[in-house]
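Engineer: Take a look at what Swiss-Prot says about it:
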type	residues	note
BINDING	H17, H19, K103, D251	Zn(2+) 1 binding site
BINDING	H19, L20, R21, N45, H140, L223, H255, A267	substrate binding site
MOD_RES	K103	N6-carboxylysine
BINDING	K103, H140, H178	Zn(2+) 2 binding site
ACT_SITE	D251	active site
Amino acid sequence: MTAPSQVLKIRRPDDWHLHLRDGDMLKTVVPYTSEIYGRAIVMPNLAPPVTTVEAAVAYRQRILDAVPAGHDFTPLMTCYLTDSLDPNELERGFNEAVFTAAKLYPANATTNSSHGVTSIDAIMPVLERMEKIGMPLLVHGEVTHADIDIFDREARFIESVMEPLRQRLTALKVVFEHITTKDAADYVRDGNERLAATITPQHLMFNRNHMLVGGVRPHLYCLPILKRNIHQQALRELVASGFNRVFLGTDSAPHARHRKESSCGCAGCFNAPTALGSYATVFEEMNALQHFEAFCSVNGPQFYGLPVNDTFIELVREEQQVAESIALTDDTLVPFLAGETVRWSVKQ
């Protein structure tokens, strides 16, 4: 990586956690990812969810159809785990290079997760098959019991689900997605080479005070929810350390403005347009730009056993204002950091 004062040149990054939705929303948001990233792990929580090879192939084609000419982008598809999923279907998709990984949503943990897994025991045959064939498990790590406080759900998941699972299936490769707590940062750092994590830009840049003090900011509301500043700091320190089993996963999750700005708003930040510059800002603030390229472009492929991208992009350090909104067919999207001045952006 070369780092003159105003330009950062890095190997083309990948996004290891992305929501593209479907229909008009898909067509609107895909270019914001495909112009920057070489690959992205695409989440399967559509309605209905992507649970078959056939559905994944069809969804992949809809994504590719939305990629503008001149963009070189490969969507990496995932299978949505359910209590009734056939292990043979999962293995077939993996062997045919349709499924790159499988996604575990605890039932009702987040958007379109009502079909999710009710207990680990219910999907043990599937997980055992994944361990056998070397297929990564991507985990939304929150318990969803009604009596557990929303700010405690990730920490409780580690002790009650994640650790027992990894003790039982010791060879299973696991990505602890969008970690938000010191508990998770410590757990991943102390884990072995079969455990990795992704972190979003919002969880590195903000804590729950930013979302709640002086008025509720619905465009910072995502799941897992922003935590207190000691957790934010632990995440920042983890990425700044150069730890190689943590990598870029934006969890970019678009919702139309009226679904975010409502009396019962949806969870998710549409950060695809601004995420890479946001990460660069954090690494610069932490005096860790020497680790930025690995976080964006090397650590993920290394964990997944994939080659790194062979092209490069440049970020430029000059102030730019983020658009207030992005047109959607009959509504608008509000991007992460809308209307704000940002320090780093991708050089066009």
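Sequential numbering from 1, following the chain as shown.
Cβ from N, Cα, C; glycine included.
Map the listed features onto the structure and describe their local environment.
Structural biologist: Here the Cβ of H19 (Zn(2+) 1 binding site) has 25 other Cβ atoms within 10 Å, regardless of which shown protein chain they belong to.
Under DSSP, K103 (Zn(2+) 1 binding site) is assigned to a strand (E or B) in the three-state scheme. Around the Cβ of K103 (Zn(2+) 1 binding site), 27 further Cβ atoms fall within 10 Å across all displayed protein chains.
A simple way to gauge crowding: the CB of H140 (substrate binding site) has 25 other CB atoms within 10 angstroms, across all the protein chains here. Classification of H140 (substrate binding site) by DSSP places it in coil, neither helical nor stranded.
Sequence-distant contacts (6 or more apart, same chain, Cβ under 8 Å) of D251 (Zn(2+) 1 binding site) comprise H17, L18, H19, E177, H178, T198, T200, C222, G268, C269, N271. A coil conformation is recorded for D251 (Zn(2+) 1 binding site) in the three-state DSSP classification, outside any helix or strand.
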Engineer: When you measure from the Cβ of H17 (Zn(2+) 1 binding site), how many other Cβ atoms are you left with inside 10 Å?
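Structural biologist: Its Cβ shell of radius 10 Å holds 26 other Cβ atoms.
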Engineer: Would you identify the secondary structure of H178 (Zn(2+) 2 binding site) according to DSSP, in three states?
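Structural biologist: DSSP call for H178 (Zn(2+) 2 binding site): coil, neither helix nor strand.
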Engineer: Find, among the binding-site residues listed as L20, L223, A267, the one whose Cβ has the highest number of other Cβ atoms within 10 Å in the structure shown.
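Structural biologist: The most densely surrounded of these binding-site residues is L20.
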Engineer: Would you mind checking how many other C-beta atoms are within 10 angstroms of the C-beta on H255 (substrate binding site)?
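Structural biologist: By my count, 26.
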Engineer: Specify the secondary structure state of R21 (substrate binding site) as given by DSSP, simplified to three classes.
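Structural biologist: In the DSSP reduction, R21 (substrate binding site) maps to coil.
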Engineer: Same chain, not part of K103, H140, H178: whose C-beta falls within 8 angstroms of the C-beta centre of the Zn(2+) 2 site? Give them in sequence order.
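Structural biologist: Not counting the recorded site residues, we get H17, M43, L104, Y105, T110, L138, V139, G141, E177, D251.
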